[in-house]
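Peer 1: First the structure, which I've put down as structure tokens, then a few questions once you've had a look.
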């Protein structure tokens, strides 16, 4: 039974909004994150762990520690197959459908199979779209792909719907870590209008007002990383 995905789908159907905090294993240090995790807002429903260039060891240490501090589901958000660890509860198996680099469309997934076969992780196929957040993101740099401009709404919408038609279970609109501009309400609303699977939105959300706008536009789950890490979220 896919417990994590099932819970997200059920929440989406009743318009219950979800919130994930994203932790980058490369920035992780137990002495700093112990207090951080214990003081997470009650609204947080999931913890995502991942970064663009983290190692397996870094991911394992990070996930291990987090699971001693919280009962929230810990989900891998990997930038590379090396970040996969069986210590987590699940994994967003990301396909970067906004780009055309085969390495991040299918090749990383093939390389990950030996690890995933026996990891016992709940695997959630996810269509991942990188949108322009006003600065160069680590995702764009590492994947060697260009983000879609946020005014290309039809392209964004059709790419997301194509992902759903291909069988992805979630669609993730990403403005990039530390984005100057979050995913716009117009983009979220247009994508959500015909999407029959849950929608995740992340990147550049720094305050409760932006969070509420993303929810109102149609985001089912919002991901906040940099703003929580730096204590900037208000």
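Glycine too: its Cβ is placed from the backbone N, Cα and C atoms.
Quantities reported herein were computed from a predicted structural model and do not represent experimental measurements.
Among the features that Swiss-Prot reports, Mg(2+) binding site is placed at 24, 52. Taken from Swiss-Prot, the feature sn-glycerol 1-phosphate binding site covers 172, 173, 174, 175, 176, 177, 178, 203, 204, 225, 226, and the record attributes it to sequence analysis.
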Peer 1: Cα of residue 204 (sn-glycerol 1-phosphate binding site) to Cα of residue 24 (Mg(2+) binding site): how many Å, rounded?
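Peer 2: Just about 15 Å between their Cα atoms.
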Peer 1: Sort residue 226 (sn-glycerol 1-phosphate binding site) into helix, strand or coil using the DSSP assignment.
Peer 2: helix
Peer 1: Going by DSSP, give the three-state secondary structure for residue 174 (sn-glycerol 1-phosphate binding site).
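Peer 2: Once the DSSP labels are grouped into three classes, residue 174 (sn-glycerol 1-phosphate binding site) ends up as strand.
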Peer 1: Using other CB atoms within 10 angstroms as the count, which residue among the binding-site residues 176, 178, 204 scores least?
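Peer 2: Lowest Cβ count within 10 Å among the binding-site residues (176, 178, 204) is 178.
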Peer 1: Look at the binding-site residues 24, 174 and tell me which residue has the greatest number of other C-beta atoms within 10 angstroms of its C-beta.
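Peer 2: Max Cβ neighbours within 10 Å, all protein chains included: 174.
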Peer 1: Cα-Cα separation of residue 178 (sn-glycerol 1-phosphate binding site) and residue 52 (Mg(2+) binding site), in Å?
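Peer 2: Given the Cα positions, residue 178 (sn-glycerol 1-phosphate binding site) is 13 Å from residue 52 (Mg(2+) binding site).
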